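Okay, structure first, notes after.
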Amino acid sequence: MTFDVDSALLWELAQDSAQEVAYEIQDTASQKVGELLQGLELLCTWPPKAASHLGSKDPSTQFPTLYALTSRHVEQVRYPDGIVQLERSLIAFVSSDAHMVKGYFSFLKRFSSTRDELQKQAQATQADIAGPSAKGLEIPDDYPAHVHQTLYEIVKKYSQCCCAVSGVLPSPLKRHDGWLRLKENFQTSDDDVVFDAVFSRTPQREPNDRIEWQHLQFHIARNQPRLRGVEFAPAAKAQYEGTIKSTSQFCELLRKRVCPVKICLKVRGDKLLQLRDPKGVDDDIAQEQNISLADVLERHDLCAKKRLLLAYILARSFWQFYNSDWMGNQWTTETVQFFRERDGEDDDDEHHNNVCLLEESPYVALSFQKYNSLLSAEYLATEYVVHRYPRVLALGTMLLEIGRRKRRKKTTPGHANDEVKTIEEKISNYLNDIRSTLRRKTWPELGLQEEVQQTYRVIVNNCSDPKLFDTGHTNPSAQDNDVLTIEERRAIFYKSVISPLKKLLEKLQWIDKSGNIQRQDGVEDSRIPAAFLNAEQASNASQPGFKARQWLLKIQNSPVTKDLCWGFVKNPSLERIRIADPDRKRRVREWKDYVVDESRTRVDEDGHGTHVLSLLMKVAPAANFYVVRVARDTQDLAHSTSNIAKAIMWAAGEQKVDIISMSFGFDEEAVIQGKPVISNAISDALRMRNQRILFFAAAANEGGNQPEMFPARHPQVISIRGTDDKGWLQRFNPPPGYAGFDCFMTLGQDVPGAGLSSRDGGFEVCKSGTSFSTPIAAGIAAMLLAVDSSCHAQDVEKDVDGNVRQLVLLVSGGVYETPSPPQVKHDCFGVLIRG
């Protein structure tokens, strides 16, 4: 066996990798080198052992075997014993579990084929776009052009304001502010196309005036009626409340106080028929000024999922309205707007910062004044224009900004500085900005897999392509006098922009086949999406539940558990390990309720906390528990950042707990008044306890579509994934960090736990997700801390990110031979370390 490796190159790559890992740069070429080297080092030292080089940035320490193989002092590894040991490792690896070997080679394939495959994919996408003919392109279900025109004419007619303001006579130029909601799909009701919009109840007098909004829904027949003036049958009349025939009636309707509901209006000719039954609102918007997309991108740290879904909504709506009068004003990051969600206390300034932004609900103005009409034109025939389709270029600029992690100020169309430039200059600048950004390897700054990044680059590149609609581009055999119709251009745009984005989001399972956004059951999206991390609802599958129950029984009946429990029976004065569960009986020593202040009544309105606590009590019978309620349910959790921080401090400070278990997660950490309060609480707790406290948190439940959630990805929190009863990683887990030090997981599939008596009759229910593997892992850690003085919490040193994780690796790697081993996989190459 020989190794032909360029030592100088390997060393240089290893140095680069160490530097990149130190700065935590995601998905860069150097980091991938680090992942590859770590994978190769693991192969050369099989089976893996608890690493002694955790935290080291020295490549010779990180990859000792590879370094020795490529060192000038080759005798240190190429002597016979070294070769024999290396061969034994390789033989041991290929002789191990077939699934593990297959997974490892899939891991290696990422590095050998990623660049070539992505290049081929990009070329295939472009070749597919440049198909034989625009006429042969398939587009999804659509509605006829008269629907847009009808909506435009009816809103233009009735939105003129007749309200008297402060004694001033109504002006023919004064209108109620109106905003049309953009969605990922157009909505229908019976044979009508429906549009959701909000209008100001009264005309705005000053720019910073508080605005009250009225929700309306317009129903427009998909098929034009052939006969006019036909009377309704009595049954049809019953569904209508009345008819609006004048602008004064429309103003009166807008001024009605009907709470947050949608008033439904059926368009019939030039009249509006008010439906008797209003509908509930999807977005209960705050009574205040709206916020531009530019401000959202600058001030809010949107996660990658939110950014891509927003890009899809904008692109899909852009295609839907492509040739309508609603495109008369340019769509930019300044003209696309958002609202905050009303929290019921809009007048209270201290609640203002905690109101959630409705990030999946962009709006465009229902405006009839034309600004920069040439920039919003569908086609420009003037000279010196480098891109003759300004609308498409404007969308490309928006998608470009969405792909930036931190938006550059004053670069988007519509900025005041644009007024001093000609139309030709502006278009040239927009195109140059896109092209220069596309040349940067770090864009888009989404932090996702390379395939996702490359697909998004192709989409934005297509928007910037001046020849996208050229007949020679779509059909090389076409003659110069061939001109594509508007509908053919729409079809090409759909194929080159919407279709690849839709396929990408379908692959990520963020939208369904129909293009509708997939949301977690029972989870309402907010500015910081949060979830109790149960991957699915209660399962009635008896066989999986039976296996998980047997798994838990092995822990409960193990010699370690029995010896510990007997020890406490003989000596009740022994100090038990203390576990805090800020999720929600004799061993519950303290209860704290941050939902209802000072309440001593132990209540669970959701059932999630009861299930989690029952698992902790099963796995760690030798521990005492300190339970904190921070939220009523998943929806309430999104607004409970302060409660979580206070719960951590209460548990670590007043109760002196040893372990804190957190079965919830956020896409991003919420910041309150500029402070990351949960991270601060974790740091304060560690400092207060001299680093002698352990934090466990659920990783995530979106599979490969989402990285670890917060607080699981916090450097001082041990992230937990879920397996089945055999230790196999489940599909709901987030992708592993191959360059990370460790990857801990335990039972999380069909885990039986206590149900609510009000809902489940007090019986056990089976649930899956990292929410339920987390308390099991925390319980195992509690038992290990209790069973041996060498593993007590007070012996944990200060380097939590290194030594605590090394401790968990150590105690899960063979210290105790129990009938119920914690199922832990090291480095995610399928290594099952049995404790």
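Count begins at 1; order follows the chain as displayed.
For all residues, glycine too, the Cβ spot is worked out from N, Cα and C.
Nobody curates TrEMBL annotations by hand; they come from automatic prediction.
Summarising the annotation, TrEMBL assigns domain 'DUF7580' to 144-506. If you look up TrEMBL, you'll see 580-792 marked as domain 'Peptidase S8/S53'. The active site, charge relay system annotation in TrEMBL covers ASP581, HIS608, SER771.
The CA atom of HIS608 (active site, charge relay system) is located 9 Å away from the CA atom of SER771 (active site, charge relay system). In the three-state DSSP scheme, HIS608 (active site, charge relay system) is classed as helix. Over the domain 'Peptidase S8/S53' (580-792) the predicted model carries a mean pLDDT of 82. Most Cβ neighbours within 10 Å, among the active-site residues HIS608, SER771: SER771 holds that distinction in the structure as shown.
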